[in-house]
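Participant: Copied straight from TrEMBL:
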type	residues	note
REPEAT	23-57	repeat 'PPR'
REPEAT	198-232	repeat 'PPR'
REPEAT	233-267	repeat 'PPR'
REPEAT	268-302	repeat 'PPR'
REPEAT	578-612	repeat 'PPR'
REPEAT	823-857	repeat 'PPR'
REPEAT	858-892	repeat 'PPR'
REPEAT	893-927	repeat 'PPR'
REPEAT	928-962	repeat 'PPR'
REPEAT	998-1032	repeat 'PPR'
Amino acid sequence: MASLLVRAGLFEEAEELLFAVESDEIFDDLVRGYVAARDWEKGVFVYDFMKGRGKVPSRGCCCVLIDLLAKVKRTGLASRVALDLVGLGVPLSVDEMRALEKVMVLLCVDGRIQEARNIVKKVLVLNNEVSGLVFDEIAFGYCVRKDFKDLVSFFVEVKCAPGVRVANRVMDSLCACYGVFRAGLFLQELESVGFSPAEVTYGILIGWSCRQGKMKNALSCLSVMLSKSLVPLVYTYNALISGLFKVGMLDSAWDILDEMAERGTLPDISTYRVLIAGYCKSRRFDKVKILIREMENRGLIELSLMENPISKAFMILGLDPLSVKLKRDNDRRLSKAEFFDDVGNGLYLDADVDEYEKHIDLDLEESMLPNFNSAVRKECCNGNLKGALILVEEMLWWGQELLLPEFSKLVRQLCSSRSQIKSVTNLLEKMPKSANKLDHESLNLVVQAYSKKGLLCKAKTILDEMLQNKSDVKNETYASILIPLCKKGNMKDFNYYWDVACRNKWLPTLDDFNRLLVHICQQKMLKEASQLLEIMFLSYPYLKSDVCHVFLEALSSWGLTATALVVLKQLQFSIILDHAGYNNLIRGLCNEENFSLAFTILDDMLDRYLAPSIDVSVLLIPRLCKAHRYDKAIALKNIIMQEHPSFSQAADCALICGFCYMGSIGKADTLFRDILSNGFSPDGELCNILIQGHCKANDLRKVTELLGVAIRKNWELSLTSYRNLVQSICRKGRVRLALSLKNLILAQCTPDGLIIYNILIFYLLSAGNSLVVNKILTEMEEKKILLDEVGHNFLVFGFLQCKDLSSSMHYLTNMISKGLRPSNRSLRKVISSLCDAGDLQKALELSQEMRSRGWMHDSSVQTSIVESLLLCGKVQEAETFLDRMGEESLIPDNINYDYLIKCFCQHGRLNKAVRLMNTMLKKHKIPISTSYDFLIRGFCAENKLDIALNFFSEMLSWNLRPRIDTVEMLVHRICRDGKTKLAEQFLVDMTHGGETPTRKMYCTVIKSYHMENNLRKASELMQTMQESGYQPDFEIHWSLISNLNSAKAKDTDKGSKGFLSSLLSKSGFLQNK
């Protein structure tokens, strides 16, 4: 009961039941219900109330509550429930571990590292593995707090080595805060717990050593790195080159370039940039020229013949060649010369030297450690998202963090690209802290991108967080999630977000209105459609007419034309229906086959001097003829001829079709001849219409003539015409003609003709021509045309019609062996025929085959088998068979056990009959009154009056009327049990219900009162009996008189008669004289 209330959303009623019963199961159901309704506050309240009562929540209850609390960022509450879940002990399922890990990550994001660590310890005690993401987040948290000592103790405690990314983040943080020496010592501690440094780890140490001027330490790290066969990365070489320039070791810097070549690491443009900066700083422009030529040779830059290599170098460094120039000192004294080239020319820089040196120093400084944020920003500006993502991945390995502005910009650009949605997910998962700080514009774009890609679970999660944090949700965002939810039929989530959107004054665009309205109409959601119309009217009052027409068109297109008419009636004073509006309504009504209403709309349209469109007129003319509104059909035809004379032939064809519908084939022929005399050339479509009409009139001669015309004109016969022709031909016994027609149609159609064969087989078997069908099957086999599911079913059913059970069974078995599923009708008829033929064993074998494949056993199948078992006296086997149906979930929702209930009652198996009735009720199928009658009479016969009365009450609650003999038996049994007053109440209730109790009922109750010596009640009831038109028999009178022989006469209100005299008088035995 509680589960049903929760599923129906009746939480208050479920709470009342909970407080009355206080069941663990009800607690769990209620918590789950609130979680499903996203009401975390009430869910937590019930959860706490449950614990306060000493109840233990189930694992599933804890898991779903944790998941919701994590989504709404209620970290403290989620942590508390998580500890309860861990406290339940092993085993922890995959879903439970996933929920716990969400809580641990959430605690880390909130800076509550110790709490997350405590949960990890408890989980590890249960021998469960924890995701590396949790370890990473805990380590990152310790990094933020700069609590490196506790970080090492954590990894020692969990007996797990940190991942490379985590260790690199720690090393980068240590180097920045405490220097490379402290970082080196910490690296040794990490190695002691099993960490293996990678190329990037040493690269971070080398970079920071170079920046801090500790080249000896940098070269020592390089030596250790090379000893472990680790190849330095380009960033590491850049740092070394920059550091060597910083301490004046220019030649050693050039040696690094040679080292890179030996190691197989090709320098990129960043390496050359560092070298150029270093040699420009030391004024070694000869080296600069060599580097520029080498870059040109490797294709890294393009250098024209007229371009100066030094100017190109300045451009690579970001210097303006016009502001920074290298000039020769022509003064004999060389007063300006700062350095000399290889031929002895004195040279000097014509520039602001301070700015020049500052710029060069900054380049060298930034080369020691890669500036990923700047690089990501640059790639985003250039629109190179793939490059930006590669840089982000490298950045994470280097222990750096993408700044929020760059993170937000990258997320927004990824959302704008439909091919990068997976990248958005990866980015948000890898950087949960940054994801939690995203601005509302970025979050709106993320929800929209996920929704457009169909990733609705992810979209809902982020949207829920936005709503929880009261972020600004844009109109486009609501529309983006409502449209796919409605399209997929996820009504539960759709209704939730629909209510939220409406509360938040959502205003859809016209395009979103059109798209959403189509899906709402597909789902037949009339309330939401009306609300959407109201929202659009408020948002676009100046487009009210256009919005209304779009609304009416959508409703009419999806089978909701009746609703469209109601809306139109409500808006009749503000909206004037135009030509297009009328046409949409009529099309919709015709599609719904509501032609009478379509005719009414047509009348209204014509009264307003509006002519329907050609397609609507052509659609209506045949239907008007069929409805015997011939004058209106002619009127439409005349309108077409007046306004669109070029379409007059279409109107005539529609009218001929209408005559065929009416069965007025003579009129159709007359009109056909008239249009032929006017030079009209009929087409295949009109010929098909006439063929179908003459087939219905059973005029095979005329059909043959038309068929001849179609053959001469090389017109294709439609499948409908072919089906009608075959039916008429087979009915007349013209088998040869049917076979010739088949050959004709096969010559016309391009596919393998399987449908043609199926139609022919069906009607031949319907006419009893099974021998011809066997020949056709041989022909199909020769042509290698394989029977499909439809054809097999036709054969199974058709051979049964021909009384050929063995052939039917053959094709059924063949069908199943090919992996095809027989139709319910085929299975039903075969099993019924087997049972009728007394071959119960084969019927059971077929049932076993159905069971092995999980096929439902409908009412007829179960009834046939069980009835046969009962007729063979195998009552227990019948019960076992039905039990298996329930155990294996093979009972359809529309099951009907009324006949079997009667059978089991007749065999005295009332308990089984009750179970069958309960199965029907669980399937929302109400048994007929006869079923209740048999059960009530059966329980009365077994002296189980209380059970019989219960079924009687249940029967009345379904507004079912019991048989008279059932009530008579109940009354008799009640009186035998000494409950005469209750029996009398039965009679009173019948009278109040407008029914008259039978004479037998009255007599039974009167006799019961007589046996109880309650003469007054017996006399009163006998009087009521007489008022109902019954006369008591002599036996009843005499029994009353014999018990009154010792009674004293008492005066009546008239004072002249005693009790006996009054009784006899009322009974008609004494006549007043």
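From the backbone N, Cα and C atoms, a Cβ is placed for every residue, glycine too.
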Participant: As a quick check of your reading of DSSP, tell me how many residues in the repeat 'PPR' (23-57) are helical, how many are strand and how many are coil.
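Facilitator: Each residue of the repeat 'PPR' (23-57) counted once, the result is 26 helix, 0 strand, 9 coil.
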Participant: Given a Cβ distance threshold of under 8 angstroms, which distant residues of the chain, six or more beyond its ends, lie next to the repeat 'PPR' (823-857)?
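Facilitator: Residues 789, 792-793, 796-797, 800, 805, 808-809, 812, 816, 864-865, 867-869, 872, 881, 884-885, 888, 890-892.
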Participant: How many helix, strand and coil residues does the repeat 'PPR' (268-302) contain under DSSP?
Facilitator: 26 helix, 0 strand, 9 coil
Participant: Looking only at the repeat 'PPR' (823-857), what is the model's average confidence as pLDDT?
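Facilitator: Its mean pLDDT is 93.
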Participant: Under an 8 Å Cβ to Cβ limit, what residues of the same chain, 6 or more beyond the ends of the repeat 'PPR' (858-892), are close to it?
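Facilitator: For the repeat 'PPR' (858-892), the sequence-distant neighbours (Cβ-Cβ under 8 Å, at least 6 residues beyond its ends) are 824, 827-828, 831-832, 835, 840, 843-844, 847, 850-851, 899-900, 903, 907, 909, 912, 916, 919, 923.
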Participant: Tally of helix, strand and coil residues over the repeat 'PPR' (233-267) according to DSSP?
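Facilitator: Breakdown, helix to coil: 27 helix, 0 strand, 8 coil.
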